[in-house]
């Protein structure tokens with residue numbers, strides 16, 4: 001951009017800046033805060049030491065945040081690029097934004113971005129995802145009309161347009177999320193396709209994908225950057241599902257001397273993968289790596305990793321697979337990478353990366369490559385006779401998982417991997433207050449990286465502020481709950497806060513749809529019963545604790561009342577129901593609610609077991625959807 005006064009800025013440049021702003025504004029709340037800047041520099045993979053990045057971010061916040069509210073608005077962002085742009089810091093910032101590799105620019109429009117914005121997408125990602133999906137769905141008869149896709153064309157963006165591939169990929173990542181009976185597979189009219197896309201988006205949201213900026217029309221139009229963004233989230237959830245101690249106890253083999261299981265459990269899946277790779281590298285006598293980008297570009301660490309995890313033929317029924325290390329000494333990086341990938345192919349793991357992706361150190365695709373290796377060949381043995389308290393590994397409850405998925409679907413940052421540990425500095429809770437329209441004064445909030453000394457004090461101050469906001473601004477009932485409880489990760493008391501946040505969010509969504517009608521439990525119950533009787537249905541509910549809800553018949557009837565004729569009653573079991581019947585009804589009900597456009601986070605088990613909190617959210621979401629169609 002040429003030098004110019006702030007007032008003179010062309011539409012093209014404004015569009016470019018909007019695009020750049022959206023890249024940095026990860027949670028799409030219209031502001032950039034310093035942890036989003038940290039993420040940007042991390043993702044841009046720039047050759048800068050950590051202290052330099054911190055310096056740049058401090059300077060950007062200092063120069064850019066002109067009204068000192070602790071965040072950068074779009075106007076302040078424009079100012080950085082114009083007034084500060086000659087400085088080295090602004091140049092580095094601009095470089096970081098442009099460092100999204102393998103970028104294809106194309107014009108695209110979305111309601112949120114201005115007309116004709118330049119959107120970019122990565123050819124490498126498209127190529128990788130197409131090959132992964134082709135393999136995953138190669139035997140699925142429902143996908144024959146689009147699979148196999150050609151990775152070198154735009155097949156992918158057309159293939160997702162009817163919603164079927166997306167629904168199938170969601171079920172591969174989190175089995176049983178979508179009831180197959182709810183997917184429309186024949187006579188695909190525009191209306192029916194719209195329903196499939198609703199089902200895919202609302203189900204993606206329920207497994208923790210951030211889909212706030214994506215509409216069904218974007219997927220139908222096959223907008224590349226949105227399609228790839230959604231697919232990456234779905235694929236990553238599947239790849240990471242088992243990189244978690246309670247689902248994979250052998251990970252305890254990665255414990256270091258003097259480290260407790262509890263400390264290991266706090267690591268994110270990415271950190272565990274790095275720890276896993278280094279465990280095997282150490283055993284091979286090779287140096288450790290610190291990332292899946294710069295440190296793996298020469299493929300040498302990968303050669304050693306493959307050699308360590310390849311089956312040695314010592315277990316029964318497990319054929320030995322020999323890794324040929326001769327390519328290790330190849331002088332050309334690309335040829336060495338190709339040779340390494342040929343060895344990965346022997347393990348059936350040549351996925352996600354091309355030689356060029358390895359050599360360029362593409363962080364996203366290399367992470368996926370390693371996660372897939374871990375899932376196929378973890379090569380870990382659960383430690384015996386060590387002094388380990390295995391009772392800690394209970395895994396999260398259904399309710400905890402639902403809350404976590406809800407938070408992640410709203411795009412909180414950092415991503416919540418472990419409910420209590422990741423809320424101990426209250427940053428996520430404060431972001432959730434913003435989502436429920438409770439203003440947060442970010443200048444009062446301490447943000448990472450926290451100082452080595454007194455880090456916990458900084459986190460505790462945030463927790464105290466979060467509780468104070470809950471009591472005074474949100475008017476939550478927080479009797480006997482203090483900041484210390486959040487900071488300690490007290491499960492019961494943290495859940496009490498989180499539930500009130502989710503409840504308020506659900507009611508807000510409903511009130512927005514119902515032109516501001518205030519919602520209480522009684523109002524929802526009365527609306528449900530009124531709607532059912534008007535539609536001539538015989539079901540009704542007394543309250544959200546009503547045991548008859550376990551059949552899901554009231555939910556199914558309500559969906560049919562909201563969108564007459566959408567329920568196939570041949571699939572619904574009535575009369576004397578077995579547990580399996582109840583579960584099948586509930587599964588169908590939840591998927592159909594999502595298909596008609598209700599963003600339901602609850603799970604079928606919540607209906608079968610009549611969990612009042614989650615039952616409330618189901619009926620509230622349906623009421624919101626019902627009021628929209630009036």
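Heads up, the Cβ atoms here are built off N, Cα and C, so glycines get one too.
What Swiss-Prot records as phosphoserine, among 28, 339, 477, 551, is residue 339. In the shown protein chains, 10 other C-beta atoms lie within 10 A of the C-beta of residue 67 (Ca(2+) 2 binding site). Geometry remark: residue 391 (phosphothreonine) versus residue 65 (Ca(2+) 2 binding site), CA distance 48 Å. The shortest Cα-Cα distance from residue 326 (phosphoserine) to any of the binding-site residues (69, 71, 76) is found for 71. Taken residue by residue with DSSP, residue 268 (phosphoserine) is part of neither helix nor strand, so it is coil. Within the same chain, the residues at least 6 positions away from residue 71 (Ca(2+) 2 binding site) whose Cβ sits under 8 Å from its Cβ are 31, 32, 33, 65, 442, listed in sequence order. Cβ neighbours of residue 69 (Ca(2+) 2 binding site) (same chain, under 8 Å, six or more residues apart in sequence): 441, 442, 443.
Sequence-distant neighbours of residue 339 (phosphoserine): residues of the same chain at least 6 apart with a C-beta under 8 Å from its C-beta are 299, 326, 327, 328, 330. The residues of the domain 'Calponin-homology (CH) 4' (518-627), classed with DSSP into helix (H, G, I), strand (E, B) and coil, number 70 helix, 0 strand, 40 coil.
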